[in-house]
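Taken verbatim from Swiss-Prot:
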type	residues	note
DOMAIN	7-39	domain '4Fe-4S ferredoxin-type 1'
DOMAIN	46-75	domain '4Fe-4S ferredoxin-type 2'
DOMAIN	70-318	domain 'ABC transporter 1'
BINDING	110-117, 382-389	ATP binding site
DOMAIN	334-556	domain 'ABC transporter 2'
Amino acid sequence: MSESLTRIAIVSEDKCRPKKCRQECRRSCPVVRTGKLCIEVNPTDRIAFISETLCIGCGICVKKCPFGAINIINLPTNLESEVTHRYSANSFKLHRLPTPRPGQVLGLVGTNGIGKSTALKILSGKMKPNLGRYDNPPDWAEVVKYFRGSELQNFFTKVVEDNIKALIKPQYVDHIPRAIKTGDKTVSGLIKARANNNNFEEVMDHTDLQNLLNREVGHLSGGELQRFAIAAVATQKADVYMFDEPSSYLDIKQRLKAGRVIRSLLATTNYVIVVEHDLSVLDYLSDFVCVLYGVPSMYGVVTLPYSVREGINIFLDGHIPTENLRFRSEALTFRLADASDEITADRTAEYNYPDHVIEQGDFKLTIKSGGFSDAEIIVLLGENGTGKTTFCKWMAKNSDLKISMKPQTIAPKFQGTVRMLFLKKIRAAFLNGKFQSEVCKPLSIDNIIDQEVLNLSGGELQRVAICLALGMPADVYLIDEPSAYLDSEQRIIASKVIRRFIVNSRKTAFIVEHDFIMATYLADRVILFEGQPSRDARCNPPQSLLTGMNTFLKNLDVTFRRDPNTLRPRINKFDSQMDQEQKNAGNYFFLEN
């Protein structure tokens, strides 16, 4: 196999604009100058074409392109023989496929844009893998022959014979109401029309949909839509169940309940596949894990299956021992939560807020007085609908301190690029070198700085919103769900960015967060919200991380232990020996190594 094939050229469809440039890539290419057609592009073309067989990998076109549309990537080892799918010339390609096993839950872990959703489409039979031959795709017989000798051969044979029924819970649940055009639009009508798994009542109980059965789907909130989507899939009989990010929008209690619903679908003959960015939920759900690595929206590679603990640790470590390959320059680590006490001595200013009762329609929130100091992060913990966002808004309205708030839902209305938005809203911070290196650079804002705000994806918008919130000059930062839409890697980076910024600028932050790993990483103290969601809730005064988490987890009836290698929190399986020991001792949350 020639060496040139281990290199791929990617041309971004969004950025490449031959009409607006002088074809610098073609003019500067040394291979074109020798008379070979390595780069073909004319002002009338939609996109440039780069021949990967002729390309010598000099990287001149990458530097010359005025729009930064070209990337030349040297692949690790020779993966050319293992291409599963490629969309078109100079576009994303996926290597290998995850191997589902009957009667077990397969978890997929990897960053955004690395091919997890593509892999799900292929395994569900909704897309035929073209083995990299996008111009001359193979037929199914050839695909099955290609996978011979692996566990996927039997799987694809069933797909070809139409013996397999696959159901996917989509990633973006907020698109569901638009897809439902006619007929009964109520929750119960839509689920009952398809339900054939004899578990309707049980699933309704576990997903807390009993009170919403007569409501129209168009009137559901994000968390309710997520539970509806999980229930709609779980009440149908199928051979393959696929859940794409089943925990977004849900609070910690609902995440664990959803996890139990998904695990209840297992039978000896069916397959369950889950894509999840909340690592503690993925850990709780899966029996084994495939890690995906590569360069987002350029290429993705699926590893062999690992045990859950080993797979997640490999992803965090950035190094695959079986392939002797490092795919990330540094490991993602967790500090121990009690190591935060080093900075307590420096805290000077103390602020207090009074007892207060807020009533909004049927909902009543009783706030107990409390206080906070500077250089401190307080995480608000509680179920959805217990008034965490209401508390943030009340703080913003009734305090003399300057407050910057990142709302829970981000609806962009700004006409223009990200750069224009930053220069308009947070000019001083954006032009400050320290803010650039501590906030913008780690959140990789550079990659999207010249894109239109209205065209950004959920994760990109979230990163822009975090930058905007931290860039405003304020005494108190209220950040509502900073982890939504971010992948596991970005979540850890975002929590490090927020923590470093708050401590260095000696400000206070109140953060609402449902991702357990992120909440424990960020919190110095916690405020617990208890009571009946949407009816009557109570906001307790701030308490230490250990006592707060212990009380919170006791209400959820869940215990956590720490992984000895990476120190990340792991959920104990319900009623396991460890679970019972910790409950008897009253230790629901562990801090020691």
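All residue numbers here begin at 1 and follow the chain in the order shown.
Even glycines carry a Cβ here, placed using N, Cα and C.
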Other than its own, how many Cβ atoms are within 10 Å of the Cβ belonging to I114 (ATP binding site)?
26
What same-chain residues, at least 6 away in sequence, bring their CB to under 8 Å of the CB of N384 (ATP binding site)?
G223, L250, D251, Q254, P533
By the count of other Cβ atoms within 10 Å, pick out the sparsest of the binding-site residues N112, T386.
N112
Could you give me the DSSP helix, strand and coil counts for the domain '4Fe-4S ferredoxin-type 1' (7-39)?
12 helix, 6 strand, 15 coil
Cβ neighbour count (within 10 Å, all chains shown) around G110 (ATP binding site):
26
For K388 (ATP binding site), which residues in the same chain are close in space, meaning a Cβ under 8 Å from its Cβ, but six or more apart along the sequence?
L380, G382, D480, V512, F529
Any same-chain residues 6+ apart from K116 (ATP binding site) with CB under 8 Å of its CB? Would you list them in sequence order, or say none?
L108, G110, D244, V275, L292, G300
Could you find out if DSSP has K388 (ATP binding site) as helix, strand or coil?
helix
With helix taken as DSSP H, G or I, strand as E or B and everything else coil, how many residues of the domain '4Fe-4S ferredoxin-type 2' (46-75) land in each class?
5 helix, 7 strand, 18 coil
